[in-house]
C-alpha cells in the first residue's frame, strides 16, 4: 500500500519553508504530487488525468473558474521532472532533518571532576582591581532528560591573590565538556580489503593481517568496495532531450447519440477493450480510456504501453462497473474474478484487491491465488483439444473404410 504523505510533514522541521514547496508540487484536485502536469491558459497546473476528468463534468478551471477546454491544455515537462526529482529525495530529506533535531536534543554536558566542585562564573561587571568572582549554588542542579539546568543565587567571594583569577577561569573552562556521538571513520585494509576503523587498522590490524596464514578463500577485490554507479534516471537529461515523438494519435471523443450499440462494440473491440456490460458501461469505459490514452501519449514525457493502459482501465472498470457487469450475466468479468476465493483467502484477497487498483499490482500473487482456476481451465482446454483431434481423425478415417468396403463388394 502506498504511503500517504502531506506537506505538513515539514511544518515542525528545521526548514518549515519546505512545506510550501511540497504543497506547490501537489495537484489541487487529487492533493497528490503532480503526475503528467499540464498548464492551463490561466496559468494553473494540474495532473493531466485529473483535469481531463474534471473538464468532462464542468468546462471551467477549478481555481479561477475561467472557461477551459481540453484542447487548451499544454504539457509541462519541466514541472514533471522537478516533481519526480523532489519525490525521489523527499523521504531522505525528511529523515536528515529529523536526525539533525534528534542529535541536537540528545547532546549531553558532562562534568569532569572526581568531586562535586563549585560552579564558578566570572563577574565582568565588577572592577578589575576587586577580583570578584561569582559562585553559583550547586544545590539547585536539576537533571531532566539528559539536560542539566543550573539555578541558584549568586554569591560574591574575594580572592586573596591577584594571580588566582586566570587560574580559576582555566579550571572553570575545564570543568565542562560537551560529549557528542562521533562515528569513527573506516578504511579498507590493503591486504584483506575489509573495513576497519583507521586507528585500529594502523596500530593493530595490519600486523595481524601480515602474520596470519592465508585462508582458502581469495581476497576480495577493491573494486567490490567501490560504490556502484547510480542507475536512477537523470531528470535533467530527460528534460533536455524531451520531445513529443509519440506516433500515437489523439483518441477522439465520440458522439454516442449517433452510434448504435453494435458500432460502439466495434469501436471498443478495435481498441482491444472489453465489450461486456450495458451500453452505459461501454460508454463510460470508452470515455475513461480516452482520458487515459490522451493523458499518457499526449502529455506524458515517459508514456507507458497500451497494455498498461488497459490494465489501468480494468482496475477502474472493476471498481465502477463491477455490479452492472455481473448483472449482465457475464462469467469472465474482472469483477467476478476479483470475488473468487474471497471467503477462503480473505486477507490475501483484500490485499490483492487494493493493489489491483494501483500501479503496484502483484501479478505473481494473483497467479498463486487463482492457480486452481488456471489449472482447471488448462485441463478443460486440453480435453477439448483431444476431443477435437479424435473427431477429426474419425472423420478422416470414415471415407477410407467406406471405399474399402465398396472394393470388397465389387470383387
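Cβ from N, Cα, C; glycine included.
The range from 157-185, 186-214, 244-272 that Swiss-Prot describes as zinc finger is residues 186-214. Spatially close to residue 189 (Zn(2+) binding site) yet at least six residues away along the chain are 195, 196, 201, 205, 206, 209, judged by Cβ distances under 8 angstroms. Across the zinc finger (186-214), mean pLDDT in this model comes to 75. Non-local neighbours of the zinc finger (27-65) in the same chain are 72-76, 79-80, 83, 86-87, 287, 291-292, 294-296, 298-301; each lies 6+ residues outside the stretch with a CB under 8 Å from one of its CB atoms. According to its DSSP assignment, residue 189 (Zn(2+) binding site) is coil.
Shown in sequence order, 190, 191, 194, 196, 201, 206, 208 are the same-chain residues outside 189, 192, 205, 209 whose Cβ sits within 8 Å of the Cβ centre of the Zn(2+) site. Counting residues per DSSP class in helix, strand and coil order gives 25 helix, 0 strand, 10 coil for the domain 'SAP' (256-290).
Secondary structure of the zinc finger (27-65) per DSSP, as helix, strand and coil residue counts: 8 helix, 8 strand, 23 coil.
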